[in-house]
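As written in Swiss-Prot, here are the features:
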type    : residues                   : note
BINDING : HIS76, HIS87, HIS89, CYS95 : Ni(2+) binding site
Amino acid sequence: MQRVTITLDDDLLETLDNLSQRRGYNNRSEAIRDILRGALAQESTQQHGTEGFAVLSYVYEHEKRDLASRIVSTQHHHHDLSVATLHVHINHDDCLEIAVLKGDMGDVQHFADDVISQRGVRHGHLQCLPKED
């Protein structure tokens, strides 16, 4: 491991220290390594041809104009990417779904875009993890 020196604005350093404390990092280096790994993983997973895993989470109103049916149709259209899906009833109107996906990251991103862009889907988030050798 190599030691490097970086220069940060006071505000950015304070934000880093607050993040480090909230997440329980022992030092700034651990926090910066995790932030950098996350940025590099996200960058590498945005390309077709990169295999990996992803977690897609989103909230939707289950009774909104065929939305549940459209989401299921999209899931079946991309069935080869789906490893597992967790469905949670948040309240009378809203559902949370969490899908674990595996495959070409370009295809995974396309699937996530198809789901998240549906009218009535809120809080859509895709977390990608490149396949490690």
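Yeah, the Cβs are placed from backbone N, Cα and C, and that goes for glycine too.
Note that the structure is a prediction, hence the values are computed from the model and not measured.
Locations of recorded Swiss-Prot features on the structure.
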residue: HIS76; record: Ni(2+) binding site; Cβ neighbours (10 Å): 9
residue: HIS87; record: Ni(2+) binding site; Cβ neighbours (10 Å): 11
residue: HIS89; record: Ni(2+) binding site; Cβ neighbours (10 Å): 10
residue: CYS95; record: Ni(2+) binding site; Cβ neighbours (10 Å): 18
